[in-house]
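The structure appears below as structure tokens.
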Amino acid sequence: MPRIALGLEGSANKIGVGIMRHSDDGSVQEVLANVRHTYITPPGTGFLPKDTAVHHREWILPLIQQALNDAKITPKDIDVICYTKGPGMGPPLQSVAVVARTLSLQWKKPIYGVNHCIGHIEMGRQITGATNPVILYVSGGNTQVIAYSHHRYRIFGETIDIAVGNCLDRFARIINLPNEPAPGYNIEQYAKRGKTLIDLPYSVKGMDMSFSGILSFLEQLVAQNTIVEAADLPNHTTPTPTAAPAKPTGKKGKKRPAAPMPRVYTKEDLCFSLQETVFAMLVETTERAMAHVGSDQVLVVGGVGCNERLQGMMADMCTQRNATCFATDERFCIDNGIMIAQAGLCMLAGASPPLEMHQTTVTQRFRTDAVYVSWRE
Amino acid sequence: MPSPHHASVAAQVLSVDKELKPHFLRRTLHADGATLTIHYEASSVKLLRTSVNGVFEQLVSVVRTMIAFPALE
């Protein structure tokens with residue numbers, strides 16, 4: 001009998017519902033429905049936990065109904081209910097879990113709690129066909145380099161502070177880029193029009209990465225200089241900075257150092273420089289992991305994986321190594337419900353037991369390697 | 001609640017999440033027929049208010065879900 005899973009995802013500002021079907025031997029896997037709504041806040045702001053939970057509660061029931069319609073099935077056709085156990089933001093995760101529990105009791109179906117990162121990985125593998133890649137998981141909330149070994153997705157390298165997507169999103173806020181459709185998308189469009197590479201801190205620490213220093217550097221740069229849109233510049237060229245006038249001599253004839261004059265930077269050049277810098281860091285750490293495990297496949301998952309420049313840089317590195325780079329489009333890169341359904345069906349296939357009701361909690365911290373990957377060798 | 005089934009589902013769903021400060025606030029739920037009873041012991045009015053607000057948001061969500069998707073036999 002084919003198995004059908006309902007997947008519910010709401011760990012950040014996207015509420016996603018997906019319905020996935022596996023044939024009884026698991027060889028045929030089909031996406032029956034994949035719907036989503038994103039909570040978008042005004043430019044210069046980010047999304048807060050409680051408001052995000054309110055948004056999810058408002059949208060989740062209509063999305064479930066729409067998913068059932070798209071899949072042309074009724075509730076009794078669903079075999080398992082899958083929800084995101086973590087990691088993510090507490091209130092939004094909980095708002096989704098409450099609905100998942102209720103449906104499990106109403107429809108009398110088993111319930112699985114899925115790790116969000118593993119959802120991304122399993123959906124990426126399914127859609128691209130990558131058999132055993134090194135995985136770069138990059139989003140607003142997570143930045144990890146992962147490789148599979150002995151029933152665990154091992155974390156080879158990760159950010160030691162904030163996620164790369166968090167760095168990008170907060171920078172978009174600083175320069176007031178809109179959040180519609182996503183701050184990272186708008187950074188990508190501005191970066192395409194950037195011409196000058198500004199020297200930013202580059203922070204790779206062995207297998208790990210750090211992004212909060214780059215963000216602080218940019219915050220200070222924006223505060224101390226003039227930031228414009230390229231279109232507002234006369235002749236669309238960035239003016240060259242002039243040297244400051246020498247200050248009068250101070251005590252004992254010493255000259256005080258000249259204070260730097262504020263420069264003019266374009267948002268386009270800043271976005272371009274930030275992308276080039278952080279993406280190079282991601283490519284470097286991914287390549288290091290590939291060299292360690294001897295892998296010739298890379299899979300990029302997570303919202304930042306939508307970025308075509310990152311995909312291009314990763315593909316260039318892979319070409320140099322005779323490796324293959326796999327990536328997905330925004331239906332699967334960006335948080336979605338279908339990846340939760342997919343991972344849930346994997347757990348079912350691997351005979352991982354469903355949860356008892358008292359176990360259907362959520363957790364803000366949930367390490368990728370904490371899950372026993374029962375469905376792989 | 002509209003029926004014993006509704007009360008039972010609500011009690012089960014809302015009992016899963018533990019309160020964040022068990023020393024300062026305790027909450028228990030149980031269903032008796034069609035009545036859902038939520039019992040609170042709190043050390044301050046503010047804690048009580050925020051917890052009650054949260055539980056009611058979740059309760060509304062449970063009830064709306066049951067209305068949109070009725071029980072299967």
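Including glycine, each Cβ sits where the backbone N, Cα and C put it.
In TrEMBL this protein carries:
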DOMAIN    A:30-341  domain 'Gcp-like'
BINDING   A:H116, A:H120, A:Y137, A:D335  divalent metal cation binding site
BINDING   A:Y137, A:V138, A:S139, A:G140, A:G141, A:D169, A:G184, A:E188, A:N307  substrate binding site
REGION    A:233-259  region 'Disordered'
COMPBIAS  A:237-248  compositional bias 'Low complexity'
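On the structure: features taken from TrEMBL.
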| residue | record | DSSP class |
| --- | --- | --- |
| A:H116 | divalent metal cation binding site | helix |
| A:Y137 | divalent metal cation binding site | strand |
| A:G184 | substrate binding site | helix |
| A:N307 | substrate binding site | coil |
| A:D335 | divalent metal cation binding site | coil |
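Between the binding-site residues A:H116, A:H120, A:H120 has the most other Cβ atoms inside 10 Å of its own Cβ, all protein chains included. Other C-beta atoms found within 10 angstroms of the C-beta of A:G141 (substrate binding site) number 21, with every protein chain shown included. Checked against A:H120 (divalent metal cation binding site), the binding-site residues A:S139, A:G141, A:G184, A:N307 differ in C-alpha distance, with A:S139 being the nearest. Surrounding the centroid of the Cβ atoms of A:H116, A:H120, A:Y137, A:D335, where the record places divalent metal cation, the chain contributes additional residues within 8 Å, namely A:S11, A:C117, A:G119, A:I121, A:S139, A:N142, A:V301, A:G302, A:M339.
In this structure, the C-alpha atom of A:Y137 (divalent metal cation binding site) lies 13 angstrom from that of A:N307 (substrate binding site). For A:N307 (substrate binding site), the same-chain residues 6+ apart in sequence whose C-beta sits under 8 angstroms from its C-beta are A:G184, A:E188, A:Q275, A:F279. The full span of the recorded substrate binding residues, A:Y137, A:V138, A:S139, A:G140, A:G141, A:D169, A:G184, A:E188, A:N307, taken as their largest Cα to Cα distance, is 18 Å.
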